[in-house]
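One structure follows; several queries about it will come next.
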Amino acid sequence: MRRHLPVIVTTAVFLLGFLFCALQYPNIASTRVVMNLITDNAFLGILAVGMTFVIISGGIDLSVGSVVAFTTVFLALGIGSWGLPPLLAFCLVLAICALFGAAMGAIIHHFDVPPFIVTLAGMFLARGVAFLLSTDSLPIDDALYQEVAAFSLRLPGGGRLRIIGIIMLATFVLGGILLHYTRFGTNVFALGGGRDTTALMGIRTGRTTIAIYTLSSLLAGLAGIVFSFYTASGYSLTGVGVELDTIAAVVIGGTLLSGGAGSMFGTFIGILIQGLIQTYITFDGSLSSWWIKIVTGILLFLFIVLQQLLTHLATRAASGGHAATTPVVDPPKTVREPARVPGVQGQ
């Protein structure tokens with residue numbers, strides 16, 4: 001029960017928040033608004049799936065926002081200027097992103113460099129390459145993009161589930177299966193519990209680390225494709241700061257920032273909470289958009305405090321409810337033999 005408490009709290013916060021918003025603005029509960037919430041946060045949700053693997057393993061990935069920007073610019077140039085078919089451009093950019101993530105994972109493992117430093121360098125590198133490709137906002141005018149924008153699944157109440165929302169939901173489902181029902185997912189949790197312990201268990205930490213960051217960058221590339229569908233353009237300033245929003249959603253979703261615990265369902269609820277805050281501010285009309293950051297920051301702080309409290313309680317319970325003390329052992333008593341008198345034999 002205690003292990004699932006962060007997810008339970010996250011779900012309760014979302015349900016109470018949704019109820020509060022619906023009481024003030026009943027239209028928020030309509031399928032149209034809910035589907036728009038999913039569509040607007042589709043690329044962020046895909047990023048959060050990859051970030052969940054990274055944080056559970058005890059790492060961090062600051063490069064995902066820059067990878068999204070690189071992806072959108074590459075697609076805009078590839079499809080618009082270089083004459084690449086869209087599907088080929090998608091495959092190429094996903095391959096580049098996967099190799100980029102694998103390189104970061106290899107550096108983290110083989111050179112024992114903290115993930116924060118490696119992915120920070122990756123953030124600057126990907127953003128810099130995006131600026132080298134173009135500093136302008138580039139429109140993407142292609143028939144495939146027009147078809148994707150026009151397609152949607154009609155739901156009762158007038159809601160429309162668009163392709164990018166379907167991609168996000170499918171990514172969460174597949175990510176949840178990979179994390180919770182495969183050996184790779186078990187290795188990710190074990191890696192977050194301690195790298196040295198994981199190695200002693202016979203798990204190949206290097207292969208797992210490289211796979212985690214490859215997956216994170218691959219999903220960042222997919223998020224870039226989804227974002228290019230959403231905006232029909234590519235821009236080198238896309239996704240500035242989005243890596244922090246992604247980390248916030250994962251932590252609010254109950255994933256332990258120090259690694260070793262978390263769930264994909266919790267991350268999904270964390271994304272919905274951020275989307276709900278944004279939707280409420282839009283309906284209100286009088287609040288600044290900066291309130292999204294303020295409320296997210298407050299929730300993030302509260303959930304980090306909750307995580308620390310649960311970690312402390314778990315440690316205390318493991319030690320028997322009190323601090324471990326070193327037992328006092330009396331020194332062995334020395335038994336003296338009676339003095340022997342020469343010439344006298346003991347009887």
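Every residue, even glycine, has its Cβ placed from backbone N, Cα and C.
For reference, TrEMBL lists these features for the protein:
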- 322-347: region 'Disordered' (REGION)
- 6-25: transmembrane segment (TRANSMEM)
- 37-56: transmembrane segment (TRANSMEM)
- 62-80: transmembrane segment (TRANSMEM)
- 87-108: transmembrane segment (TRANSMEM)
- 114-133: transmembrane segment (TRANSMEM)
- 161-181: transmembrane segment (TRANSMEM)
- 210-232: transmembrane segment (TRANSMEM)
- 244-277: transmembrane segment (TRANSMEM)
- 289-306: transmembrane segment (TRANSMEM)
Please give the sequence-distant neighbours of the transmembrane segment (161-181): residues at least 6 beyond its ends with Cβ less than 8 Å from one of its Cβ atoms.
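Same-chain residues near the transmembrane segment (161-181) but 6 or more away: 35, 38-39, 41-43, 45-46, 49-50, 52-53, 56, 148-149, 151-153, 155, 188, 219, 222, 226, 229-230, 263-265, 267-268.
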Go through the chain and flag residues at least 6 beyond the ends of the transmembrane segment (87-108) whose CB is under 8 A from any CB in it; none is fine as an answer.
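Same-chain contacts beyond the ends: 59, 61, 63, 67, 70-71, 74-75, 78-79, 114-115, 118-119, 122, 126, 206, 209-218, 220-222, 224-225.
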Is the transmembrane segment (62-80) in contact with the transmembrane segment (289-306), using at least 3 Cβ pairs under 8 Å (sequence separation of 6 or more) as the test?
no
Which bits of the chain, at least 6 residues beyond where the transmembrane segment (62-80) starts or stops, bring a Cβ under 8 A of a Cβ in it?
43, 47, 50-51, 86, 89-90, 92-93, 96-97, 100, 104, 116, 119-120, 122-127, 129-130, 133-134, 138-142, 216-217, 220-221, 223-225, 227-228, 231, 233-243, 246
Ranking 37-56, 114-133, 244-277 by Cβ pairs under 8 Å to the transmembrane segment (210-232), which is first?
37-56
Under 8 Å, at least 3 Cβ pairs, sequence separation 6 or more: does that hold for the transmembrane segment (6-25) versus the transmembrane segment (114-133)?
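No, the transmembrane segment (6-25) does not contact the transmembrane segment (114-133).
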Could you tell me what the rest of the chain brings near the transmembrane segment (244-277), counting residues at least six beyond its ends with Cβ under 8 Å?
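For the transmembrane segment (244-277), the list is 3, 6-7, 9-11, 13-14, 17-18, 21, 37-38, 40-41, 44-45, 47-49, 51-52, 55-60, 64-65, 172, 175-176, 179-180, 189, 191-194, 291-292, 295-297, 299-300, 303-304, 307, 311.
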